[in-house]
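Engineer: Sharing a structure with you now.
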Amino acid sequence: MASIHIETTGNGPDLVMLHGWAMHSGVWDGVVESLSQRFRLHQVDLPGHGASRDCALDSLDQMTEVIADRLPGRYSVCGWSLGGQVAIRLALQAPERVQQLVLVASTPCFVRRADWPWGMEDSTLTLFMENLARDYTQTLNRFLTLQVSGSEDQARVLAWLRKSILRGQPPTPATLQAGLKILQTSDLRAELNQVSQPVLLIHGRNDVITPAGAADWMQQHLPRARLVLFPHCGHAPFLSFPEQFVSCFDAL
């Protein structure tokens, strides 16, 4: 198996940065300069993404295990969306290594269920999987549009996301379909109360991919959680409000 790509910059306590589905570690570029003045950042390309493109993406547990082998002995972790689920898994699998979590626009369960109203329709994710094989570019564009929905600066953030994807070699359709399958099937709700570390939840109030109700639920069920809600913000608060996003790390 090819190795995971990690870019390390800055000085200070170790902070691991995990991006979301279909993206790569460069998505954090707008906040790296500020954060690297306070932390030693480890920007990870998830399996099948970015410079880790040749590393197979199989499951949430596989992602966690492959990444954990490359991380410092002790670290905090910031995960966006799918990266947030990887962060939760890291904290559960090796609590002695993970000091704190920052979960950005994340959720324990991406799909709406009878007892979980704060998710996407299962049929929507299935349609994304089917359409990736038919029209890769258009399907990615549709997902990026969902990410910026609800933001007051949708055009700017959408342009930035599109530019960010083009900066690296995009994931294969098979990788993206495998990632969507993880989003469709993973449900960490029953395990969430076992996360003993302090958790900072950063969420956009208008997020349509991981609705803010999911963040409220996590705050209630995580033993040591604090929630920061960004108004007029969708699924990418670190792109819509980079300065405010960085200021949230003052509490770490």
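Using the three backbone atoms N, Cα and C, a Cβ is placed for every residue, glycine included.
Got these off Swiss-Prot a minute ago, pasting:
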type: DOMAIN; residues: 15-239; note: domain 'AB hydrolase-1'
type: BINDING; residues: TRP21, SER81, LEU82, PHE143, LEU144, THR145, LEU146, GLN147, HIS235; note: substrate binding site
type: ACT_SITE; residues: SER81; note: active site, nucleophile
type: ACT_SITE; residues: ASP207; note: active site
type: ACT_SITE; residues: HIS235; note: active site
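For each listed feature, how buried is it and what is near it?
Structural biologist: DSSP assigns LEU144 (substrate binding site) to a helix in the three-state reduction.
DSSP classifies SER81 (active site, nucleophile) as coil under the three-state reduction. There are 26 other Cβ atoms within 10 Å of the Cβ belonging to SER81 (active site, nucleophile).
According to DSSP, ASP207 (active site) sits in a coil region rather than a helix or strand. All protein chains included, ASP207 (active site) registers 28 other Cβ atoms within 10 Å of its own Cβ.
Taken residue by residue with DSSP, HIS235 (substrate binding site) is part of neither helix nor strand, so it is coil. Under a cutoff of 8 A between CB atoms, and with a sequence separation of 6+ in the same chain, the neighbours of HIS235 (substrate binding site) are SER81, ALA105, LEU146, GLN147, VAL148, SER149, GLY150, GLY204, ASP207, VAL208, ILE209, THR210.
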Engineer: Cβ neighbours within 10 Å, counted over all protein chains: which one of the binding-site residues LEU82, LEU144, LEU146 has the most?
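Structural biologist: Counting every other Cβ within 10 Å of each candidate, the maximum falls on LEU82.
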Engineer: For TRP21 (substrate binding site), what residues in its own chain, 6 or more apart in sequence, show a Cβ-Cβ distance under 8 Å?
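Structural biologist: In sequence order, the residues whose Cβ lies under 8 Å from that of TRP21 (substrate binding site) (at least 6 apart) are SER81, LEU82, PHE143, LEU176, GLY179, LEU180, LEU183.
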Engineer: What three-state secondary structure does DSSP assign to TRP21 (substrate binding site)?
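Structural biologist: The residue in question, TRP21 (substrate binding site), is coil (DSSP, three-state).
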Engineer: Between all pairs in TRP21, SER81, LEU82, PHE143, LEU144, THR145, LEU146, GLN147, HIS235 (listed as substrate binders), what's the biggest Cα distance, rounded to the nearest Å?
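Structural biologist: About 17 Å separates the two most distant Cα atoms.
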